[in-house]
Amino acid sequence: MIRNIAIIGLGTMGPGMAARLARGGLQVVAYDVAPAAIERARSMLSVAETVLDALGIALPSAGVGTVRFTDDIGDAVSGADLVIENVPENISIKADVYRTIDGLIGQDTIVASDTSGIPITKLQAHISYPERMVGMHWSNPPHIIPMIEVIAGEKTAPQTVATIRDLIRSIGLLPVVVKKDVPGFVENRVLYALLREAVDLVERGVIDPEDLDTCVSWGIGYKIAVIGPMALLDMAGLDIYKSVSSFLNADLSNRDDVAPMVLEKTSASKFGIKSGEGMFCYTPEQTKALQAERARKLVAVRRILEGRE
């Protein structure tokens with residue numbers, strides 16, 4: 001049974017993951033090599049806890065469900081039943097983490113990667129116990145979005161998948177078991193298909209970025225939040241889908257490289273909110289207000305989808 005969890009690498013996702021796991025009654029030790037990252041995570045943790053309160057997710061019993069921060073990786077993984085690796089999307093960096101913890105963790109400890117899309121089979125090549133390694137892909141923001149993908153690599157034991165699936169369910173979240181270890185898994189493959197088409201339409205001057213966001217948020221997104229793609233096909237009618245896809249599919253973007261617009265912006269260090277400019281511009285004040293507004297709206301939507309409003 002999993003009770004003690006180590007999170008290796010805090011970044012954007014770590015604090016929210018830690019907060020949600022702790023709210024489920026689990027003991028969490030959160031590690032990062034950078035003191036600044038730990039301090040930032042402490043601040044983000046309190047914000048995440050406020051959001052969890054708004055979601056009505058009850059506090060666990062006294063003495064359980066705690067989060068402790070450390071800059072000592074050995075301390076972090078000592079006694080851990082589950083280690084969640086949450087370092088940057090780079091196989092070499094992840095492999096370094098696996099080599100470091102290899103001799104520090106117990107023989108029954110499960111190692112899960114929060115990779116957004118690196119095949120788990122590739123990561124298993126860098127660990128001594130591939131049968132105990134699994135993908136555990138959270139969606140951002142992790143303390144609000146309840147869906148978590150569970151992905152087996154070629155050498156992952158079925159029991160490892162079952163253990164992580166059951167853990168996710170036990171704390172009130174929604175596990176989705178991905179049956180094949182494809183790059184990007186499921187969520188990001190669907191998302192990046194949408195983003196590729198969206199960027200292409202803006203780049204070709206078909207629509208302005210603001211109008212595209214309105215179209216998707218109040219058109220596709222408004223429906224998809226309630227009706228999944230497969231159910232939407234049934235609602236619209238497979239005969240209609242057959243007819244439209246017979247001529248539209250050939251005209252959709254099928255580029256297999258990075259769009260020039262994205263390359264131009266990233267080469268100018270325009271990364272989005274984190275740099276103050278991307279597709280749109282953001283002041284520090286706007287960023288803070290935007291993050292609060294988005295969290296509030298996501299909480300409201302989730303409560304409605306759960307039938308609590």
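Quick reminder: no glycine exception, Cβ is built from N, Cα and C everywhere.
Fair warning: this is a prediction, and the values are worked out from it, not measured in the lab.
Marked as NAD(+) binding site by Swiss-Prot on the basis of experimental evidence: Thr12, Met13, Asp32, Val87, Pro88, Glu89, Lys94. Non-local neighbourhood of Thr12 (NAD(+) binding site): Asn140, each in the same chain, at least six residues away, with C-beta under 8 Å from its C-beta. According to DSSP, Thr12 (NAD(+) binding site) is assigned to coil rather than to any helix or strand.
If you look up Swiss-Prot, you'll see His137 marked as site 'Important for catalytic activity'. Taking the Cβ of His137 (site 'Important for catalytic activity') as centre and 10 Å as the limit, one finds 25 other Cβ atoms among all the protein chains shown.
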Check the binding-site residues Asp32, Glu89 for other C-beta atoms within 10 angstroms of each C-beta and report the one with the most.
Asp32
Across all the protein chains here, work out how many other Cβ atoms are within 10 Å of the Cβ of Lys94 (NAD(+) binding site).
23
Output the one of Met13, Val87 that, of all these binding-site residues, has the highest number of other Cβ atoms within 10 Å of its Cβ.
Met13
For Pro88 (NAD(+) binding site), just count the other CB atoms lying within 10 A of its CB, please.
10
Determine, to the nearest whole angstrom, how far the Cα atom of Pro88 (NAD(+) binding site) is from the Cα atom of His137 (site 'Important for catalytic activity').
13
